[in-house]
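Noted in TrEMBL for the protein shown:
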- 94-118: transmembrane segment (TRANSMEM)
- 130-150: transmembrane segment (TRANSMEM)
- 175-195: transmembrane segment (TRANSMEM)
- 207-224: transmembrane segment (TRANSMEM)
- 230-250: transmembrane segment (TRANSMEM)
- 366-392: transmembrane segment (TRANSMEM)
- 398-422: transmembrane segment (TRANSMEM)
- 434-452: transmembrane segment (TRANSMEM)
- 458-478: transmembrane segment (TRANSMEM)
Amino acid sequence: MQQAPSAVTPVTAAVHAAHSHIGEEGGHQGGKLRSLKEKWARLTRVQEYDGQIWELALPTLGAVLIDPCLSLVDTMFVGKLGHVALASMGPCTALYNMIFATASCMFSVSTAVLIARYKALGDGQATGRTLFTAITSSVALGIFFTVLMASRPSQALRLMGASSPEMIRLGAPYLLWRATALPANMFLLVAGGAFRGIGNARENFTNGLVVGLVNLVLDPVLMFSCNLGVAGAAMATAIAQWIGALSYIFKMTRRKEAFGLNLGWKIIPGMADVQEFLTAGTAMLFRSLCNVGAWTLMASIATRMGVVEIAAHQLILSMWLVIAFVQDAVGAAGQVLVSQQLGNPGSSRHAIRRGKARARAIAKRVISFSAIIGVALSLIGQIVLPSLIPLFCSSPEVIALTSSVLPIVLLGFPVCCVVWTWDSVYYGASDFKYNAKVIAVSSSIAVSLTLASLHYEWGLLGLWSSMVFVYFGLRVVAHYRRFNSEHGPFGKSTLSLNERDDGAGQTLMSDAVPQIS
């Protein structure tokens, strides 16, 4: 007998459809979860480049922390003299940060990238010529700035917005004595970049440790035992930097062959060598001027906001720079390794693409590390730094303002870390002009917002927010697009790591990065 059509058939169909939809959605969610697990497994799994990265990164930490640690130690001891004394350091530190950051990119980065490239090629003469050019130009620039800063310290402070007679009285001697060590400071940048370029970052660590310990010992002795006050802090820093420079000279004479300094007159650079160094240095100089100009304007605006604001700004900047430079060691390692891969491409098309593929893999790895380090430093900073603020200053107003602004600033720190590391790997790829363009655009927008902070009275929070979130936010978007662009140095059009050279029949990728010396 024929069965009548069931009235529940549409319902049954709907139930089956619902179960099917739930199954598909669950499968989709499960796929996402599996994808996240795979990405995390790849991130935490030890990869072939990790040993090379950390072998360079960990010792480099000592070198990159020299200047911010000196400023932090000075800030700690000067803060005990009162908030006016601390405020007097604000414009001084801003000026020296401007000089240091500008010269750091021009001398330290350019020297490291070029020497790493020539070491990969085995060209000792070019290595020596590059180092000779960097040393002579950096020391000459240091002498120029010494004369400039020492001749008119009060005018330099007024230019930075310091109008209080007490601030100028305390700040002028500090500016003067710090200026006496500018040639040594410039040489420290070149020497640190040179050792990083040959892959021997351990010397940078030991040298940085010596400089830091000398400054730490001399600060309280000169400031309090000798009653030199703020000027004593500057003297301690200057003496420590000169000792560091002499130590580097001794280390470099012991490794003449590694730096190509054993070739006599052959290391005297020609016009081609000077032009190559200046080509990299000019783009870096423009990039640095835009970057440092934005930060210097920020300090100048904070100075115009008032004594409490500039004192709090100086405190935030000192702590922020120290944790900022902690992650810079990873970027410096990526910079050298990327330069090695792209600096020795060989003659074949496959060799060039092989270098690009390996450089991209290294870049992705150090960027991943920097993101993790940025999150960790942000969390640690949120917990530790607020309790340290009273150690640096006794003024309740400065402590309150710093405590309210610093946690907000630390929220954007992971993005800052990724941007700094991306900057470094682009330097390693000699993509200097692109980086200069990005800095020019983003700093212009950030500068307009910092000026608005003063005009609309957004205060110190508005000032720092415009720099941390806008300035770095724009750059991370630009770097991401460039990294995945076919026209960039890390474009996806490279051969995969497992692809083979169909012409020679040999494996395209070797198992390891060329060993650092």
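Including glycine, each Cβ sits where the backbone N, Cα and C put it.
Between the transmembrane segment (366-392) and the transmembrane segment (230-250), the number of CB pairs under 8 angstroms, six or more residues apart, is fewer than three, so the stretches are not in contact. At the 8 Å Cβ threshold, with sequence separation of at least 6, the transmembrane segment (175-195) lacks contact with the transmembrane segment (458-478), having fewer than 3 such pairs. Against the transmembrane segment (130-150), stretch 94-118 has more CB pairs under 8 A than any other of 94-118, 230-250, 398-422, 434-452, 458-478.
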